[in-house]
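Please read the structure below before turning to the comments.
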């Protein structure tokens with residue numbers, strides 16, 4: 001039932017994370033200002049809360065899923081380097097012993 005979910009991308013690059021954070025904060029700030037002004041004019045604090053909550057839900061919808069806009073700059077990983085000491089089995093490694101101070 002959940003097999004198709006494993007094929008969905010779940011990562012975001014660093015520039016995408018920055019963009020998502022800026023969008024999230026901007027939408028919240030905009031909805032707070034609009035909500036405050038409308039609530040002040042209508043003299044209903046409840047409308048202020050509703051507008052801010054709607055802005056929060058909208059910003060979550062835009063920023064929480066890893067949309068393709070947030071994956072435009074994938075990370076370039078370094079290639080794997082062969083190291084002689086890492087390929088040895090644990091029994092083949094030389095054990096470093098510290099000299100005892102008498």
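Cβ coordinates come from backbone N, Cα and C, glycine included.
Per Swiss-Prot, the feature region 'Disordered' maps to 81-102.
According to Swiss-Prot, the topological domain 'Cytoplasmic' annotation covers 1-26 (among others), on the basis of experimental evidence. The topological domain 'Cytoplasmic' (1-26): residue composition by secondary structure is 18 helix, 0 strand, 8 coil, according to DSSP.
Taken from Swiss-Prot, the feature topological domain 'Cytoplasmic' covers 70-102 (among others).
Counting only same-chain residues 6+ beyond the ends of the transmembrane segment (27-47), those with a CB under 8 A from a CB of the stretch are 54-56, 58-59, 62. The transmembrane segment annotation in Swiss-Prot covers 27-47 (among others) and is backed by sequence analysis.
Annotation source Swiss-Prot lists transmembrane segment at 49-69 (among others), citing sequence analysis.
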